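Colleague: Can you keep this structure in mind? I'll have questions shortly.
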């Protein structure tokens, strides 16, 4: 039989033989110490947190129960984790609890929501052990990705526990459970009828499961218990992103030309801005045809966007720049540092504009909130300048996370609702103008400042606060802001006047 030369084989066949598929690279790796099923202590921790959350989380108003629940979640995650928490993790946990305590301190729901959202994001980075911006971004989606694996992991743990400890005398256990529930219902009803305070406590603890409402306490408890299970799973799994292939540094002109152009544009704007700032209202009316307050209003949002975009541009250019030589480092720090410094001047300009605008048109939650965000962006710019000056960027992500938590807590200390009310009261004293409808929608934190209005106007703006204070929320919804508002009103019941009071803006 004649030999067949391999060169005579079809070209398609040769390509199949010679081509080798590259090995797939795993983008995320999990710890090898992750057990196949949740240990018994994990199941117990999740069960305890679920029950506590059903009991502690207030469903009708914000209060101290939110912070207590968060503390229980963190304690369960640390207690059921395979490793002891490090000092930085304990510091982060303390910051998370402090953010959650805002719910028991300030009565402004929007402020508590902001602090709670930041606390949840910080908890995600904590359980994942994020150290870089990429890992922090991954921590946002990690709980969603880990939802199904966690459920299976926890289910296997429960099944293993039931298999290792078979249930004996199931009939007797069911009888005891039924008798216990009956006794609780009977004695609970008798004690509730004997004491109104105890009845209020029971109404807070026991969820309403009527025809039109599924018990919110049960739903929240299950959600928080599930979140706790996910957190513990991530502590065991320790997901790590695969290292990215090192980027090749771009030629200096490729990043220096666009960023340098932006810097020149910054300088031109700041020169113009300085003329407007020192020229005052007359200069602005001559050049722009606007009053100083209208001029301030037209530019704030653009400057806010400029600040945020500058941080993004500086971050990208820093990654692209070649800093391996002294010339490259000097060029990078000169242009990018100049951009950050110029952006700080823009931050000052934006804050000045908003201050003028609020002085003329009054303070609102949106205006105060964006001013606080602008200040936070300014602090981020300072952190970038310090890191670029020579301290390095390795710890910058954690520093920015810590900075964000401190900024949120500082905003809570600032007490925005009270400051908004005080600013509008001061404006009323100067101009006689006030938006009573807006002030009437502020939280109990604003009570003391609103008492600075004339008595007839107080009757309008304090109605909503009076209704909120009249409601019995229960011990887990205790809130310092509402408590101080009751003391400030000193037994007075706003909105009880016989004659209606007009709340039209004045």
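In case you wondered, yes, glycine gets a Cβ from its N, Cα and C as well.
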Colleague: May I ask you to indicate which of 214-234, 403-423 is given in TrEMBL as transmembrane segment?
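Modeller: That would be 214-234, the stretch labelled transmembrane segment in TrEMBL.
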Colleague: Please work out whether the transmembrane segment (298-318) lies in contact with the transmembrane segment (371-392), by counting C-beta pairs under 8 angstroms that are 6 or more apart in sequence and asking whether there are at least 3.
Modeller: yes
Colleague: Among 61-80, 110-130, 214-234, 255-278, 371-392, which stretch has the highest count of C-beta pairs below 8 Å with the transmembrane segment (136-158)?
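Modeller: Answer is 214-234, with the largest number of Cβ pairs below 8 Å.
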Colleague: With Cβ-Cβ distances below 8 Å as the criterion, list the same-chain residues six or more beyond the ends of the transmembrane segment (214-234) that contact it, or say none.
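Modeller: For the transmembrane segment (214-234), the far contacts come to 38, 42, 45-47, 49-55, 57, 59, 69, 73, 76-77, 80-81, 123, 127-128, 142-143, 146-147, 149-151, 153-154, 205-208.
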Colleague: Does the chain bring the transmembrane segment (61-80) near the transmembrane segment (110-130), so that three or more CB pairs sit under 8 Å (pairs 6 or more apart in sequence)?
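Modeller: Output yes: the transmembrane segment (61-80) sits against the transmembrane segment (110-130).
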Colleague: Which residues of the chain, 6 or more past the ends of the transmembrane segment (330-351), have a CB below 8 A from one of its CBs?
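Modeller: Hits for the transmembrane segment (330-351): 252, 256, 259-260, 262-263, 266-267, 269-270, 273, 277, 299-300, 303-304, 306-307, 310-311, 313-314, 317-318, 321, 323, 371, 374-375, 377-378, 381-382, 384-385, 388-389.
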